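Here's what Swiss-Prot has on this protein:
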type: DOMAIN; residues: 6-74; note: domain 'MIB/HERC2 1'
type: ZN_FING; residues: 80-132; note: zinc finger
type: BINDING; residues: Cys85, Cys88, Cys109, Cys112; note: Zn(2+) 1 binding site
type: REPEAT; residues: 529-558; note: repeat 'ANK 4'
type: REPEAT; residues: 562-591; note: repeat 'ANK 5'
type: REPEAT; residues: 595-627; note: repeat 'ANK 6'
type: REPEAT; residues: 665-694; note: repeat 'ANK 8'
type: ZN_FING; residues: 817-852; note: zinc finger
type: ZN_FING; residues: 864-899; note: zinc finger
type: ZN_FING; residues: 987-1020; note: zinc finger
Amino acid sequence: MTTGRNNRVMMEGVGARVIRGPDWKWGKQDGGEGHVGTVRSFESPEEVVVVWDNGTAANYRCSGAYDVRILDSAPTGIKHDGTMCDTCRQQPIIGIRWKCAECTNYDLCTTCYHGDKHHLRHRFYRITTPGSERVLLESRRKSKKITARGIFAGGRVVRGVDWQWEDQDGGNGRRGKVTEIQDWSAASPHSAAYVLWDNGAKNLYRVGFEGMSDLKCVQDAKGGTFYRDHCPVLGEQNGNRNPGGLQIGDLVNIDLDLEIVQSLQHGHGGWTDGMFETLTTTGTVCGIDEDHDIVVQYPSGNRWTFNPAVLTKANVVRSGEVAAGAEGGSSQFMVGDLVQICYDIDRIKLLQRGHGEWAEAMLPTLGKVGRVQQIYSDSDLKVEVCGTSWTYNPAAVTKVAPAGSAVTNASGERLSQLLKKLFETQESGDINEELVKAAANGDLAKVEDILKRPDVDVNGQCAGHTAMQAASQNGHVDVLKLLLKHSVDLEAEDKDGDRAVHHASFGDEGSVIEVLHRGGADLNARNKRRQTPLHIAVNKGHLQVVKTLLDFGCHPSLQDSEGDTPLHDAISKKRDDMLSVLLEAGADVTITNNNGFNALHHAALRGNPSAMRVLLSKLPRPWIVDEKKDDGYTALHLAALNNHVEVAELLVHQGNANLDVQNVNQQTALHLAVERQHTQIVRLLVRAEAKLDVQDKDGDTPLHEALRHHTLSQLRQLQDMQDVSKVEPWEPSKNTLIMGLGTQGAEKKSAASIACFLAANGADLTIRNKKGQSPLDLCPDPSLCKALAKCHKEKTSGQVGSRSPSLNSNNETLEECMVCSDMKRDTLFGPCGHIATCSLCSPRVKKCLICKEQVQSRTKIEECVVCSDKKAAVLFQPCGHMCACENCASLMKKCVQCRAVVERRTPFVLCCGGKGMEDATDDEDLTGGSNSMAGGSQDLLQPNNLALSWSSGNIPALQRDKDNTNVNADVQKLQQQLQDIKEQTMCPVCLDRLKNMIFMCGHGTCQLCGDRMSECPICRKAIERRILLY
């Protein structure tokens, strides 16, 4: 058994932020002096696992030698109730408490202590945990300070060992910047870091909470300074000790003269005549008060308080019980020694305080003989006795002389009896352990033999598990059936609350679950985490067990302690097969977890398109797709916010999600996509005809958001285009920024391109927010304002939809030079194949204005080399030459310039950024290819293919059809909701009267039908009791 002391250290240490300790000998594993890490777990009382901020994880010593110190234990949640930091007013103090030794009732938290608050000359007590020994420290003025380095504000990070947040960071290896150290929860301060990723996403991640490390530092930052030698050593125990080394349970004598004792007692409890008994009697330390005075209890039952200087620690081993021939052996224990446990229960309870503590389960060991397994650094003994291991105060045991010692006949007989008693105890004391082990190994014969013994407990435990649980997890059906014949408790729980059916689920034993079900086991039983066997089966990926549980009627939608149903877990584990099975069994998609996410929300948040596809295909009610969280977010909001494009497409096209639902801030999914500059989501929503002029709580439309972002990022955009912007402000007709929306690279996102796209699709430029600002008021760039106005005008006048893709198009936009606007485009850029400028402006352009690719070659477009009548107007691929007009190019199978086979012909208008009839990449604009960007960017101005055939006269008719469709959908939704209400409230038998009688199985009918029935019409269980509803 692990000692109470070690259990406490291990429990309280997980999550602590640590630095290298006094016995460090591991080089720069931690990154160097002052670098910080997190306690992840304890391998044993002697070893701790630390994950350093640089990503290194290793075991370190925390007993005997101490490799780490505790810098901040606040993330562990240790709190000192009734205290308050007198500087920052934190109440209660969480982490280490620093109490001024020179001021009355003045405390500091760790941050304020190392931050040099209060007088630096004053000495402080360090109190690591509530009730622990306070340690007096030197004044900070004389102490050395070191700078902490690691995951702090300003540091650069990537995902760490405990990362479980999908691709929020943009993908494995992507970097982000820590902006602030925050609290993951109110009970765990300084346990998280807020990170702004390079892809623009930002969120909070665990750095210490429950020992988790979501991040790894690639460029550390400074986290302030600290007093290294004032930080406690992890694992070093000084609780319940005084400066003299006395502990609770120690035996003490008084060896001083009466006059000296009386003098030392002044101010330490004084002296009375009743204390004379203490001069000749050995007492036991039973307490240490706040002034470090020692409370001693004597055999008479009296307790006296002493100055520690008065007392002398007595010898803990009573050598009188061991023969004199065992010289030297009686004063010291060794591993392997035989020892007898004290008989006196009252005495051993007192002695065990601070030495592993007393447990009622230790009662059978009194007076028994055991063997020393381990000796701890504080001299406590780990003794194996009666088939179990416990930690004892050395004063609570008596050493049995070794077999070879010179003993008297009497003592030799006594030793022989004790050894015989030892072996008898091992045989009888291990019977439950033997039963559990035999059941775990599937040894049917041995289990049967053990069960015949009268002293066996069929529900007895070994290592916290019963024989039934062991057999269930290992799939031993024959053993299970035998145990069931002996009235085993099917619902017995282990320390985690798991029952036999939980163990069967964990071990992937479907046949065991069948046996347990027939035996009457509760398949919906929950453990301490509120998990059912179905939760465990889903999390472990045991599909057959999931099917078995559902076949036997296991409830498919029970929630665990975090509110997650098996559906949530299946989505998290990306198990679409289990998802389908659960939905077919009637799992409720609408149940929300503790964070307010139902299954659809969860799939959208996780960015799991396959799960979303399954959910949408099996939705019992179509409107569930628009269910809101408590903050008003729908699944579409979450997909738009996190840039999960595939999920959003499924919600829009397969789920027919309402595009204009508003959250509590009155934001639509389009607001969120524009705010995060997720161009693909913006395009998807606009093409699906989302309303462009919905206002949020501040009155802002998506266009307001886009232009606000443009203003903030304008300097960076100008820097990207510095080679062009020096010539002349760009004209709206050039569509330069509109082309940028077709580019999917993270560096190419442009709020201005989104703004132009919204305007080109009819966004209102005059609508004002609550501050009285129109979108144009938020745009200080007159050129962009002009572009927006022209895009909007083209939309309203029908020009957007009527652009001809013909090579003979008179569209001046595609013919004008994008730099000077005076000359026509006549220069082919290589290698991208775009035509953007005239020959005079082309030398100034370093990057293609359409795709932003580096320009490596410039070729002026000449006459057709075949007919010499027209200009060359078709780009041959893959050679990249433009040497023939449209008519001549259609006849060629090889390029006349290089004789390469022509695999593809790209029209002039497509090279200019327009849309051509021969563009084979019309649906590939999402992939980000150069041609697809050029072809798709013009398509951005067309919400859907109907735009080509619309005229100004028939738009209202189409709008009316759309409105009628929406009304019909709303009516259908209301009708179905009404039908659901009827099904829930009407009697399922007669279908005429309201349901007002409920049976014990949970089903119900009307009273008239219920009174005539003996079994439930739904589940066919016998009706034991009827309850009327009022």
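Using N, Cα and C of the backbone, Cβ positions are placed for all residues, glycine too.
Counting other CB atoms no more than 10 Å from each candidate's CB, the binding-site residues Cys85, Cys88, Cys109, Cys112 peak at Cys109. Remote same-chain residues near the zinc finger (864-899) are listed as 807, 826, 828, 830-831, 833, 905-908, 911 (criterion: CB distance under 8 Å, separation of at least six residues from the stretch ends). In terms of DSSP helix, strand and coil, the repeat 'ANK 6' (595-627) has 22 helix, 0 strand, 11 coil. Within the same chain, residues 166-167, 563, 565, 567-568, 570-572, 574, 576, 579-580, 583-584, 587, 589, 633-636, 638-639, 642, 644, 646-647, 650-651, 654-658, 661, 973, 976-977, 980 sit at least 6 positions outside the repeat 'ANK 6' (595-627) and bring their C-beta atoms closer than 8 Å to a C-beta of that stretch.
Each residue in Asp86, Thr87, Arg89, Gln90, Ile93, Asp107, Leu108, Thr110, Thr111, Tyr113, Lys117 lies on the same chain as Cys85, Cys88, Cys109, Cys112 and has a C-beta within 8 Å of the C-beta centroid of that Zn(2+) 1 site, without being one of the site residues.
Using DSSP to sort the residues of the repeat 'ANK 5' (562-591) gives these counts of helix, strand and coil: 16 helix, 0 strand, 14 coil.
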